[in-house]
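Structure record follows, encoded as structure tokens.
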């Protein structure tokens, strides 16, 4: 959106704080229904951030796919669970939680060190090639495909990892 600087900055801070509050709600709320609604709020904030950065097609896809389908599916799955399955236990920290947090922390630091140690020299040539290709492409959807497979490759990979972890978590909760 073409907004004046202060309004754009205010909306950016507002949506960022909404993302933080919603993410904390997903993790910290004891009721899974409220966590699922908080996840929907986070996904809507991400969609609004896409609109703020003039990516209207990606924002619409975000709303349709993630909020409209996946979050509704999560809410239905949680609603079919029994109340006793997500009751609070007296044992808050187990050995499995410690191992899981150790593995996740190790993966996080290895990803951070890999990203920091990688030479990003070839990325400049890729963006220049994309600028040349964009002039030749007729369709807007082809331009979106080029951007999603080059400029936004890392965020899409991170989203796929997050969805995989959510799927594994949902399976483990359903099996208990």
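Even glycines carry a Cβ here, placed using N, Cα and C.
Note that this is a predicted model, so its numbers are computed, not measured.
Residues of the same chain lying 6 or more positions beyond the ends of the transmembrane segment (10-30) and with a Cβ under 8 Å from any Cβ of it are 3, 38-39, 41-42, 45-46, 48-49, 52, 86, 88. Sequence annotations record features per position, and here Swiss-Prot assigns transmembrane segment to 10-30 (among others) based on sequence analysis.
Residues or ranges marked as transmembrane segment in Swiss-Prot (evidence: sequence analysis): 32-52 (among others).
Annotated transmembrane segment per Swiss-Prot: 61-81 (among others), in sequence order, evidence recorded as sequence analysis.
Annotated transmembrane segment per Swiss-Prot: 92-112 (among others), in sequence order.
The annotation transmembrane segment is assigned in Swiss-Prot to 152-172 (among others).
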Chain residues in Cβ proximity to the transmembrane segment (92-112) (below 8 Å; excluding those fewer than six residues from its ends, i.e. six or more beyond): none
